[in-house]
């Protein structure tokens, strides 16, 4: 077989048996198509993605509740703290993607970042178990213990660092298991992004139901122990699949020479303008023995993607302003409504996020099983529709979500005005179901489209960064959301009364939702 492998490698034959796409098996050899890659490898990768999303959404869905009830932050401070953490978590993949493409490789980056993620979960567990680090008991005091606050934020930001290497590298590593030059594998790769999101949503669904239920009805510490155990197990599973993976060596990131040019431009900004303009372009080697930077034509790959739509990033940031509300204000609204099912069972407020996951799963399955076969025949496009069309269709749902959310919140505030004592506790929590389902349904189109766009529209050496680009746009949107809350709070307070009071009943979230519905289509 080794002779056949070498012969195939030298003359380029038998491509049905061997994979000649510059990847290698775990021993650095040309991969055998039948025993490496495709679904037999990507399933291991989807498992660790499931685990990471289980942990992430188990934390993010209940973060605003923890910040207000345990750390005792007011509503707007808690919303901004949540947005800051989500923003950092989704911007960090830019650094992780760069390291994976330029130096470490995707497998090594995923493994290292998963271990960092696990350390963050262990620290988070300790902050709720170790007596010296535990939060203050609400029955004894109202102010949080500072040491708990420090350890808690240290733990969740350590998880942010782990996510930074995990997210871009893992999805790119999964897509690397499919040979783009092989017709059947190329078709399977298109389905991979859909099933990737199916696994992602499954983790999300369990995170905001099972994990959140444990947080609400058992204890925060037990939930952390479960997340830590699942993450540790998934790392073992991921390592078990190493015999089946196809690996790519890091080829260096195009951002490296770009940064070299930027540094050179800054350091030479005060140089004297030469009398001979030809010296602006080239200097003879006898005059300069220093390392030369690459020509600008070698940097064209860096700008290739934005040329398709230079305004895409701004559209995405504004769109995600709406999506960001689902993990903050939407969840907090749930605490003010009737959450009973039957006589005694209370739905944990953060479990409402499960409806967004259900909406996304329905959307992905509907597109994959119903719309895609029809659209392929109608358009002749293997994807069914163009990627940007799929993204745009998903964005429409965010506007609809804000309109629905504004109407529901107006109804809730009306009940509070009529009966201040009972407030909105007579209103069922399922009034929030439409806004969660709609935002999730839209994500099934927009997020999957974004993943395909930023993976396929960048040079191979920037694939990990390509995934990080769309995540970073989401991160920037979370920072913008925090900034928008600050601006709106300041402006409306000067006008008479802030839209963000100490609690929801003294706030006007309906007006804030209408504002988002107006600015999103612009």
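Glycine is treated like the rest: Cβ placed from N, Cα and C.
Checking the ranges 142-167, 168-193, 220-245, 246-271 against TrEMBL, the transmembrane segment annotation falls on 220-245. Among the ranges 110-130, 278-298, 299-319, 320-340, the stretch that TrEMBL annotates as transmembrane segment is 110-130. Using a cut-off of 8 Å between Cβ atoms, the transmembrane segment (429-447) and the transmembrane segment (345-367) share at least three residue pairs, counting only pairs 6 or more apart in sequence.
Counted over residue pairs separated by six or more positions, the transmembrane segment (195-214) shares fewer than 3 Cβ pairs under 8 angstroms with the transmembrane segment (110-130), which leaves the two as not touching. Within the same chain, residues 48, 52, 55, 59, 96, 104, 148, 151-152, 154-159, 161-166, 169-170, 173, 219-221, 224-225, 227-228, 231-232, 234-235, 238-239 sit at least 6 positions outside the transmembrane segment (110-130) and bring their C-beta atoms closer than 8 Å to a C-beta of that stretch.
In terms of C-beta pairs under 8 Å, the stretch of 54-72, 220-245, 467-488 lying closest in packing to the transmembrane segment (345-367) is 54-72.
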